[in-house]
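Let me begin by presenting the structure, written as C-alpha cells, before commenting on it.
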Amino acid sequence: MRTFWIVAVLLVGVEGNLLQFNKMIKIMTKKNAIPSYSSYGCYCGWGGRGRPKDATDRCCFVHDCCYEKLTDCSPKTDTYSYSLKSGVIICGGNDPCKKQICECDKAAAVCFGENLSTYKKRYMFYPDFLCTDPSETC
C-alpha cells in the first residue's frame, strides 16, 4: 500500500520538486529514484518511522528532518533552480524557501551517492510494518 501512495504522489507531482529530486539522485547515483529509493527501508518514500535500517535509509531520515525544519514552504511541489558544475550540484535562485528545499534534496542525493557501497536490495520495497523500533528524533 505504501508503494502505491508513493508512486501516486510522484506521478501527481512530476512538475514539481519530486522530479527535480529524482534527477539529482540520478546524477549522484546513476540510479532511478523509482524503484531504488521510493520505498527503501523505513524512511525512504512517503512517511517514516522506527530506526533507519542502514546508511542509505539514514539519508532519507535526515532528508525528512530537513523538510520538517522548513516553514511556509512546500518541499514536495515547489520547483527550484539548480545547476551542475564539474559533478557538483549548485542550488540557485533568489527564493530562500526554494533554495532551502534544493539544499535538502542535494544533501540527500549526495548522501545516497556516498553510501552506494552499502546499498542493500533487500531493503527495497521494505514493508513499513517491520519498522517497529522506537523512532529517532530529528
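Cβ from N, Cα, C; glycine included.
Every protein chain considered, the tally of other Cβ atoms within 10 Å of the Cβ of His63 (active site) stands at 23. DSSP classifies His63 (active site) as helix under the three-state reduction. Among the features that Swiss-Prot reports, active site is placed at His63 (among others), with the record citing similarity to another entry.
Sequence annotations record features per position, and here Swiss-Prot assigns active site to Asp105 (among others) based on similarity to another entry. Residues within less than 8 Å, Cβ to Cβ, of Asp105 (active site) and separated from it by at least 6 positions along the same chain comprise Asn17, Gln20, Phe21, Met24, His63. Asp105 (active site) falls within a helical segment according to DSSP.
Counting Cβ atoms from all protein chains shown, Tyr43 (Ca(2+) binding site) has 27 others lying within 10 Å of its own Cβ. Annotation source Swiss-Prot lists Ca(2+) binding site at Tyr43, Gly45, Gly47, Asp64.
Positions annotated as disulfide bond by Swiss-Prot: Cys42-Cys131 (among others). For Cys42 (disulfide bond), the same-chain residues that are 6 or more apart in sequence and have a Cβ closer than 8 Å to its Cβ are Gly48, Arg49, Gly50, Arg51, Pro52, Lys53, Asp57, Phe61, Tyr126, Asp128, Leu130, Cys131.
Using a 10 Å radius centred on the Cβ of Cys60 (disulfide bond) and all shown protein chains, the other Cβ atoms total 22. What Swiss-Prot lists as disulfide bond is Cys44-Cys60 (among others), and the listing cites similarity to another entry.
The annotation disulfide bond is assigned in Swiss-Prot to Cys59-Cys111 (among others) on the grounds of similarity to another entry.
Less than 8 angstroms from the CB of Cys65 (disulfide bond) sit Cys138, each of them six or more residues away in the same chain. According to Swiss-Prot, the feature disulfide bond maps to Cys65-Cys138 (among others), an assignment based on similarity to another entry.
Within the same chain, residues at least six positions away from Cys66 (disulfide bond) with a Cβ under 8 Å of its Cβ are Glu103, Cys104, Ala107, Ala108. Annotation comment: Swiss-Prot describes Cys66-Cys104 (among others) as disulfide bond, evidence class similarity to another entry.
Look at Swiss-Prot and you will find Cys73-Cys97 (among others) tagged as disulfide bond, backed by similarity to another entry. Neighbour list (Cys97 (disulfide bond), Cβ cut-off 8 Å, at least 6 residues apart, same chain): Leu70, Asp72, Cys73, Asp78.
Cβ neighbours of Cys91 (disulfide bond) (same chain, under 8 Å, six or more residues apart in sequence): Tyr80, Ser81, Tyr82, Lys99, Cys102, Glu103, Lys106. In the three-state DSSP reading, Cys91 (disulfide bond) counts as strand. Per Swiss-Prot, the feature disulfide bond maps to Cys91-Cys102 (among others).
Look at Swiss-Prot and you will find 1-16 tagged as signal peptide.
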Residues close to Ca(2+) site centre defined by Tyr43, Gly45, Gly47, Asp64, Cβ within 8 Å: Cys42, Cys44, Trp46, Gly48, Cys60, Phe61
Winner by Cβ contact number (other Cβ atoms within 10 Å) across the disulfide-bonded residues Cys44, Cys73, Cys138: Cys44
Rounded inter-Cα distance in Å - Cys59 (disulfide bond), Tyr43 (Ca(2+) binding site): 9
